[in-house]
């Protein structure tokens, strides 16, 4: 038993850590790292473990709160009434179990007859960003995001720009009214926004929710004002001081209210009608009442049929006990009300014919099989292409050209091929064969051992990788070409002026000045920066080539060991593995890179343009040679890059994690877990002054 309890505790800790990481990505950065279905599965597993082992429940568990802490860029707002999440259901059995619990509780409280079923108010689960609007004496005074449910971000200035949000309520408004609702963007308006963003060469959004969240959380309200945001109210928080009619039907809509609330209506539906009378937008298109589990499931099925025709995205429906006195009796658990349930839709699926499998070359050379499909309507859009991820996935799913396949919009965003439909494979179906050469540049395609991704080896030559290669090469840690950024590289490549790294060195100020957002002074400065990059250190040049697995430190070590680019190009794997800290994986990567004729050709072109790397300087002394440093926190004067350069110049190494092999940890302000780890292992800890003294700077 002790062993099982220990295993449960370990799994609970792992789940909490993973869920919190996903929460930060979803709630704070608006950049979800997993699909809703994957997140829900993790949360359900954690809930079950905590149910089985109640001694493991802690106030910090993700099951006891919602989301993640807000960013520091906005002011914080403490919710007087917590903005709780909802429990989820994924199948009819869970909906029926919810209905039974509600009915049993209300019958026990005398609010339902034995032969009577609960009445519910059913709504769409809008896929946007939850916010709370605070009105005082009818005037909008504050708007906040959900945040972690207890504390959100102050987005008042941005919300005031949303035309659907009234700045002053109509009629006799209460002294205090908190309105909860969803900010979202219609699909048609989302498409127009993305077309406009693309035309201005600005970031396009992944989906309407991402666009709505990103628009609402802009630091500049003027940007928010230009975005087609909508708002629908669906609930409330604090309600105090109703003029002329004081009732106490509902003491607190959730734990934490500052004083007793008074509401004008006794059902959830009637409260939404009241909010609409005050001038707040309420989504009434599909809202309706239903009785018992049978009514709930009928609503769910009807909305599922009508979902593709909706102007906005939804990811489920919401059921709420309609009677407010009944809601009060049912109450809350730590993170969700007992009187409400979200019934989620599965990722939408459809079947179609797989016409072909082609390969797509990514910006880093990754080769991805892409299914070309007979057009099919899935998840509100027409899908003609879908990812197959990698060669192993194609084999595992046994997908063949000519198959009838199931297509799913994973997470309602990214179309993917789930697999073939059993029994519908034609006699002439063909297996996919990974090409041996890149379809873009003709360079060899190789798949390193123990890796799922095949890659084009023509990094410096391949047009598909050109922009990313140039951006990396121009970086501060590589050739350090100041002024050569992403948008300028886009212009140079798209116009055909630059087809390889060597072409940069033939640019002149006259042709640069003709580009968009480039004047004579900027062009002159860029040409000067390119000229300075004709004599980089050998380590910088090697790093600039973008060889897989070769980072800044490895490039410097290899450069010091071999002394010239020619020696590195001609070294075999055994010789390369003889360089400091170069194992077989890195040695193989370097060897494959220079075995590709196109890459060797680029080196020759660089030489022809007058690029002559200088030998890498050796360490200034050998007292720190081979010593490993870890940097954590913020130093008063040096940046991390500056500290790293000084350490490397002294022969030391810089690592990202603390271990028994770490010689020194340099800790600045707000040092985190790395400092604690160093103290635990007895590693020497230095501040900035201590580091400078050690380096003799």
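Including glycine, each Cβ sits where the backbone N, Cα and C put it.
Annotation note: residue 36 (NAD(+) binding site) sits in a helical segment as assigned by DSSP. As annotated by Swiss-Prot, NAD(+) binding site applies to 36, 37, 38, 39, 40, 85, 86, 123, 146, 182, 320, 344, with the evidence given as sequence analysis.
According to Swiss-Prot, the active site, N6-AMP-lysine intermediate annotation covers 125. Shown in sequence order, 314, 315, 316, 317, 318, 342, 343, 344 are the residues of the chain, 6+ apart in sequence, with a C-beta less than 8 angstroms from the C-beta of residue 125 (active site, N6-AMP-lysine intermediate). DSSP assigns residue 125 (active site, N6-AMP-lysine intermediate) to a strand segment in the three-state reduction.
Residues or ranges marked as Zn(2+) binding site in Swiss-Prot (evidence: sequence analysis): 438, 441, 456, 462. Long-range Cβ proximity for residue 441 (Zn(2+) binding site), meaning a same-chain Cβ under 8 A and a gap of 6 or more residues, is found for 456, 458, 461, 462, 463, 464, 598.
According to Swiss-Prot, the feature domain 'BRCT' maps to 619-697, an assignment based on sequence analysis.
Closest to residue 438 (Zn(2+) binding site) by Cα-Cα distance, out of the binding-site residues 38, 40, 146, is 38. The candidate set comprises the binding-site residues 86, 438, 456. Of these, 456 has the most other Cβ atoms within 10 Å. Just so you know, the Cβ of residue 36 (NAD(+) binding site) picks up 21 other Cβ atoms within 10 Å once every protein chain is counted. In sequence order, 88, 90, 344 are the residues near residue 40 (NAD(+) binding site), counting only same-chain partners six or more apart with C-beta under 8 A.
Note: the Zn(2+) site is recorded as 438, 441, 456, 462; in the same chain, 361, 365, 437, 439, 440, 442, 443, 445, 457, 458, 461, 463, 464, 465 also have Cβ atoms within 8 Å of that site's Cβ centroid.
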